[in-house]
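Asks: Sending over a structure as structure tokens; questions will come in a sec.
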Amino acid sequence: MSQEITLVEVALRDGSHVIRHQYTKEKVIEVTKGLNEAKVPYIEVSHGDGIGGSSIQYGFSKDSDIELIRAAKENSPFSKIACLLLPGVGTLDDLKEAREAGADMVRIATHVTEADISAEHIKFAKNELGMEVVGFLMMAHMASPEVLLEQAKLMESYGADVVYCTDSAGALLPSEVKERIELLVANLNCKVGFHAHNNLGLAIGNTIAAVEAGASFVDGSARSMGAGAGNAQTEVLVAVLDKMNYQTGVDLFKIMDVAQDIIAPLLPEPVIIDNDSLILGYAGVYSSFRLFAQRAGKKYNVDSRSILMELGKIGVVGGQEDMVMDIAAQLSKRQE
Ligand SMILES: C[C@H](O)CC(=O)C(=O)O
Ligand SMILES: [Mn+2]
């Protein structure tokens, strides 16, 4: 019997980092129509840092999360619409608005050791708003498999339907993914998901390792349109899973057309493993810090790789974007 795998397309959320959160309603409609036709089960739509992320800290959106979610929902009779929310960045009111605009699912994201801050949001989404809820444990490489499990159990106890191991830095190796997913699958009653970044060139391999270890939800981004070196490239993932006899329900030619004809023209440059992306994975740094490090490097005349190495050394996590400039300034002083 072939196993079903549920795919979440994240180019309209993680991909938002790539274009500095400048998605317009029109673009979202075009992408959503294509993904819907390709029968992608879930399409995530939000600012790259989740709903409420539009700010000086993370970068301002062009069109608001709510407008984009509404536009996606109106053009997506088949695919369900997901959104992402980081407690503290997005509020319960934001979530209620997202639900009213048509979001079916919310993914509540916290740093891997901070699941406890998701309790209120998971319970509210599930019990008050009747949404499908995912717990999204970011920077999973920074915790041991045992700590990841303990945190995942918390999210499950709050009511999450799925808990994700999220490799935000693209730093995990296939054996580490396998170990983590196997432990989660063996000890949770809810479903388990995996979100990859391709900084070490392992996004597809790691996603396959996750699926073979029992994950039933996986993320992909068409043309790999996500932070850093992007995510598992959706159209490639669909082809590989199909060859392995897993069922995604996604139409391969149609998702390839979305990637080539709609997503590729949106990219300021192809998403590849450049030197900075590689260092993100090597040093274990949050993928969305790549562009911040490049800007800081230019401003202070410091090699962006050195900034990223330093950020990895001191264990900076999502939400500490302001540290990137601080580190660049310190490195520049040291150079003098
Ligand atoms: C807010 C982050 O961009 C969420 C994510 O996609 C990751 O941690 O990876
Ligand atoms: Mn990501």
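Glycine too: its Cβ is placed from the backbone N, Cα and C atoms.
Taken from TrEMBL, the feature active site, proton acceptor applies to H17. TrEMBL lists R13, D14, S168, H195, Y286 with the feature substrate binding site. Residues annotated as Mn(2+) binding site in TrEMBL: D14, H195, H197. Annotated domain 'Pyruvate carboxyltransferase' per TrEMBL: 5-256, in sequence order. What TrEMBL lists as site 'Transition state stabilizer' is R13.
On this model, are these features tucked inside or out on the surface, and what's nearby?
Replies: Following the DSSP three-state reduction, the secondary structure of H17 (active site, proton acceptor) is helix. The Cβ of H17 (active site, proton acceptor) has 24 neighbouring Cβ atoms from other residues within 10 Å, across all protein chains displayed.
S168 (substrate binding site) carries neither a helix nor a strand DSSP state and counts as coil.
Annotation note: H197 (Mn(2+) binding site) sits in a coil segment as assigned by DSSP.
Residues belonging to the domain 'Pyruvate carboxyltransferase' (5-256) score a mean pLDDT of 98 in the model.
Residue density at R13 (substrate binding site): 30 other Cβ atoms are found within 10 A of its Cβ, drawing on all protein chains shown.
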Asks: Roughly how many Å lie between the Cα atoms of S168 (substrate binding site) and H197 (Mn(2+) binding site), rounded to a whole value?
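Replies: Just about 6 Å between their Cα atoms.
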Asks: Running a distance check here. Ligand 2 versus the recorded positions R13, D14, H17, Y286: which have CB less than 6 Å from one of its atoms?
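Replies: The qualifying recorded positions are D14.
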Asks: Which of these binding-site residues (R13, D14, S168, Y286) have a C-beta closer than 6 Å to some atom of ligand 1?
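Replies: The qualifying binding-site residues are D14, S168.
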Asks: How many Å separate the Cα atoms of H195 (substrate binding site) and H17 (active site, proton acceptor)?
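Replies: Spelling it out, the Cα of H195 (substrate binding site) and the Cα of H17 (active site, proton acceptor) are 16 Å apart.
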Asks: For the recorded Mn(2+) site, whose residues are D14, H195, H197, find every other residue on that chain with a C-beta no more than 8 angstroms from the centre of their C-beta atoms, and list them by sequence position.
Replies: V10, T166, D167, S168, G170, A196, D219, S221, G226, A227, G230, N231, S287
Asks: Express the distance between the Cα positions of H197 (Mn(2+) binding site) and Y286 (substrate binding site) as a whole number of Å.
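Replies: Given the Cα positions, H197 (Mn(2+) binding site) is 10 Å from Y286 (substrate binding site).
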